[in-house]
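Annotated features, as they stand in Swiss-Prot:
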type	residues	note
MOD_RES	Ser2	N-acetylserine
MOD_RES	Lys5	N6-acetyllysine
MOD_RES	Lys7	N6-acetyllysine
MOD_RES	Gln105	N5-methylglutamine
MOD_RES	Ser127	phosphoserine
REGION	1-22	region 'Disordered'
Amino acid sequence: MSGGKGKAGSSEKASTSRSAKAGLTFPVGRVHRLLRKGNYAQRIGSGAPVYLTSVLEYLAAEILELAGNAARDNKKSRIIPRHLQLAIRNDEELNKLLGHVTIAQGGVLPNIHQSLLPAKKAKTGASQEL
């Protein structure tokens, strides 16, 4: 007689998360729970949270890569809101997607109107007519 509550030959394999099955880092289970609690629809399919999670992970990776490049260009090792702002506003598609989003402490893009710049002087040289 075995004297424990567990099974004698525990051949159960460890459970694999849906995130691991899909090869994702973001939590599929949490997104599924939020979709159910959010009353977006009466029923949520099993593939919907996986797809949404993969889209969110891709967008986050894209923004963080561009922000990391902006931080490196400014010789910084830490991404700050300014770097996020520069990354989003300099990318045409991300700027369109997040056009009406305000990033706190993001600042503005450096831009000087063309009419405010000093006029370019014509070169004096051999090419001028006499």
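In case you wondered, yes, glycine gets a Cβ from its N, Cα and C as well.
Counted within 10 Å of its Cβ, the other Cβ atoms near Gln105 (N5-methylglutamine) come to 9, all protein chains included. Secondary structure at the residue listed as 'N5-methylglutamine', taken from DSSP and collapsed to helix, strand or coil, is coil.
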